[in-house]
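Copied over from TrEMBL, here are the features:
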- 6-36: transmembrane segment (TRANSMEM)
- 43-64: transmembrane segment (TRANSMEM)
- 123-143: transmembrane segment (TRANSMEM)
- 149-170: transmembrane segment (TRANSMEM)
- 179-200: transmembrane segment (TRANSMEM)
- 234-255: transmembrane segment (TRANSMEM)
- 262-277: transmembrane segment (TRANSMEM)
- 265-410: domain 'O-antigen ligase-related' (DOMAIN)
- 283-301: transmembrane segment (TRANSMEM)
- 313-333: transmembrane segment (TRANSMEM)
- 395-418: transmembrane segment (TRANSMEM)
- 430-452: transmembrane segment (TRANSMEM)
- 458-478: transmembrane segment (TRANSMEM)
Amino acid sequence: MYLVVIFSAFCILMNFGLFSSFRWLIVLHLLLMFLLYARLKNILLSSVIVLLFSLMFFQPNKYYAVEVIPAYELLSLLFQEGYFIAYGLNITNIFTGISILLLIRELFTAHNKGLLMLKHTKLLLISALVFFVCGFFASASFSPFPQLSFTWLLQYLQLFVIAILIFAVIKDNANNRKIIYMVIVMMVLFESVLGFRQYITQSLVGLPIESQGSGGFAYNSEENNAIIRIPGTFLYHNQFAFVMLLLTAIVFPVALKTNTRIYLLALFCAVVIIIMIQSRAIWFALLISALVYIRLYPKIVTSFLSSLPLRKLVFYALILFPIVSVSLIPRLLLSFNIGNSGGAISVRREFFQEATEAFIQNPLGYGVGTNEFVLHSLFPAGVTSVFPSAVHMGFLQLLLEVGAIGLFFLSLPFLWILRKVIVLSIMSKKMLSIPAMTFVTGLIIIIVYYLFHPHVGLIEFPFIGIILGFGLTSIYEFEKSS
């Protein structure tokens, strides 16, 4: 209850913009951290909680803009001042640094003294080091804006840092794990309330601290132009849907096991918001995740569904259907235009062809954040002249940024944990644990999303780090129990 009250007060302050500047927002997060420490008596846990909550707020920040493609080289009227990207410091970066310092201090305590000696964390640290070296080499050698590339590369490393932090906090501590789950639930509810408000008011700006979002109306024949696609507190709508589904992957196995009302509420709100956002890739990932649960846990899923208040759910569904159908039905019908010129298939095909040629020319990568510049330089009349964006396939985008070796070592911990989960579950003949199911479904979501969309690593990778942290925990618990 203390957590609920504290975070509710925090959300109210954010909602009314009482701490609207970057400096005052840092003060507010520090205040939250010390209020949590006063109750929890664990400074590392308090710092990690605030770090997780800060992941939702990449604005306000201290960023510097870089022109990637000048306006006179673009054919799109949407970029009359040119195409820019930015780099700098945000709230999450600050609390990542604080948490690292506290973790180093924690390594000298009895609970986490051997943390870095575990083979799980050794693999993670080696992968992070090689990934950093590959990214640094590519950025220093080929990037036209090395300051931006180096800054983004450091922010990409938050994936590994947050994974280790989550692992350090929740391993061997059931109470800490419950607290982390409750923080995730509060994040889902906060974003859901904000998303509902954006949807009803048809506004892109969610909080007073934010500038204009880049959600908005669609411009091609396969998307619904009648309503705004809501971005939450994130950069754009698809990213919002991706993060919400990743958080749902954490909440759902707990809701399935405990059947607690607040988890069920968070789950219900998240699914409704995901439908409203109109991201087909995320809908597909949600469907696959649901099928995985039905396949692995048929009895538990059946028992869970039978325990739900069916009448209330039907009542709520009837109320929400007219609202949700405005997004759902037109999006499904207009998807039949997907093969039209300028549609999703043709744009992605052009991106794939150009990016593949660029990768063949330099398998070591061109530097972090250079996708748009590289593609436009190599193909001046290509797809980026009309639609300036990174490659709409996150894995191929990373190949162009950090090269084949860098992508391999970024993927290595995920592949290793997945193999371990499968082998250990077969050998033990036990059902997957909650952290293991979180990791498996989270990995499915990540793969599906990045097959169709670019990544924005400085915002999305920390959330992926949470999934990786639960994966580390699942392997640790498997091996400890056996």
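From the backbone N, Cα and C atoms, a Cβ is placed for every residue, glycine too.
Automated prediction, rather than curation, is the source of TrEMBL annotations.
Across 123-143, 234-255, 262-277, the stretch most heavily in contact with the transmembrane segment (395-418), judged by Cβ pairs under 8 Å, is 123-143. Remote same-chain residues near the transmembrane segment (458-478) are listed as 52, 55, 58, 90, 92, 96, 118, 120-121, 124, 152, 155-156, 158-167, 170-171, 184, 234-235, 239, 242-243, 246-247, 249-250, 413-414, 417-418, 420-421, 424-425, 428, 432-433, 435-436, 438-439, 442-443, 446 (criterion: CB distance under 8 Å, separation of at least six residues from the stretch ends). Highest Cβ contact count with the transmembrane segment (283-301) among the listed stretches 149-170, 234-255, 430-452 falls to 430-452 (criterion: pairs under 8 Å). Sorting the domain 'O-antigen ligase-related' (265-410) by DSSP state (H, G, I as helix; E, B as strand; all else coil) yields 114 helix, 0 strand, 32 coil. The stretches the transmembrane segment (430-452) and the transmembrane segment (234-255) are in mutual contact, each linked to the other by at least three Cβ pairs under 8 Å (pairs 6 or more apart in sequence).
By number of Cβ pairs under 8 Å, the transmembrane segment (234-255) is matched best by 43-64 from the list 43-64, 123-143, 313-333. The transmembrane segment (149-170) and the transmembrane segment (43-64) are in contact, since at least 3 Cβ pairs between them lie under 8 Å (pairs 6 or more apart in sequence).
Taken together, the residues of the domain 'O-antigen ligase-related' (265-410) have an average pLDDT of 85.
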